[in-house]
């Protein structure tokens, strides 16, 4: 504490001195007790014990001074000067009247609401008689809100008059820009201001509420927890404990139905059921994991809830008498869920342990549901309809897109362009068919037969192709196991049944004789004997009747003589087999005839002397019609 002991010196730096003898610097006590009452004592000394240099007045003196009248001391006060003029924009600055109002807005494009109530605040600014309308912003309302009408002077009629604060009151309607606003209340400042101006205010009204907004505020559903069951305890006790059952759904009785396997999960924490699908590799199904989502399953419904729209609304306890529980899932018993009957045939070890501890059921054996493979069914082909080959028709029964039957490629390569030709006649009771002759061609590569009838002039029968290339079934074979004609069935004297027509073989060509000689093992003794008799008849002289030799037909005799003459004259003859094979390549139908252009083309390739007079005569005799030539008899002239 710094003090100045020398009186009269200014209290300035350098003129004050510290009293080193003072050691107490506390404040003096101003509170005390007298006769048990707390009293206040005025301090006489300051900090450090220095005496205060003030006038010490008693409490009575202070009270007398406080109650004195200033007029007695100072006299009558002077009249205050008149207040200065204050303009309205200064006097009413920041003074605003606030009214609560609403207006009704039509909603024509909604089925849930027909009109909408919109609450607003109307502000009247006293400084310039302007007004503004503001709507409180509601989050996620989808409506443009905020300042609906900006601050301006608003006209109230067609004469151009504007709204004044005297026109505003509670419980009235005002029209602004075609919208009618209902004023229901105002704030405290507005009420005091209007009453001070002598305006009698109407009683406040209740603010109208939007019906759709109030409907949205209502709770959708109220859940009441029963007092006799503690779901929280069940949740905490059986959390993550799930019973697993393996079941099948047999729908084979319906059209396109099948037997499918499923996994049923029963959650002990909330008694919900879930059904999962079991997918196998390449099963052809979309990988949907769930057949039924996790939910509580009703077991018994109330009588009035059978027509409850369960596919749209959620079922509550009011519509259900009994729910499915864990005791309803037993291995070996069927279970109907959502109209489907599931048969439970197995469960996991945890489920077996739970049933043994909870229900005392220890015997839950697994039921074998494996399907026994039925014996393979013998595929029966439909009866043959007579069109095409049996092998081709059978391919339509083996696959949706039929494929051609497999062919013996090695046999086709070895016997390519090898044809056995026979001369045959038709065995028929009709007299006109007795003189008809046919050429039967047997193709060794494909075992097919074709029949050609050489045209005969003035016979009344059109010659040509009689039967296209096809396989012919023997008459004594069945349709299920067809047996086709083979090379061993063709010999002189044999009868060939071709689709009901009987042909008798009369003669063969030289190639058939060579083929039978090289493959004698596959022919019967009867066939070999017929060929032997044919050769003997050719070598034997012509028989005589009454001393005269039986003459052959003139045309045949002249051709045979011409062929012998050509064979004797031609020394450098090409191989007849090569010539015959060349003609057979162009003779696709194996008829024994080729056209004239092809004939001379082949003769030119082998350098045959077609300009020779004998050859020209032979060509003339082998000609049939204007465009066909019999190359069979022509090739005989070049054989050795």
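FYI, residue positions are counted from 1 along the chain as it appears here.
Glycine too: its Cβ is placed from the backbone N, Cα and C atoms.
So that you can see what the record holds, here are the features copied from TrEMBL:
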- 93-198: domain 'DM10' (DOMAIN)
- 239-359: domain 'DM10' (DOMAIN)
- 416-520: domain 'DM10' (DOMAIN)
- 574-609: domain 'EF-hand' (DOMAIN)
Please give the average pLDDT for the domain 'DM10' (416-520) in this predicted model.
-> 87
Thinking of Cβ pairs under 8 Å, which stretch from 93-198, 239-359, 416-520 has the most of them with the domain 'EF-hand' (574-609)?
-> 416-520
Helix, strand and coil residue totals from DSSP for the domain 'DM10' (239-359) stand at 16 helix, 50 strand, 55 coil
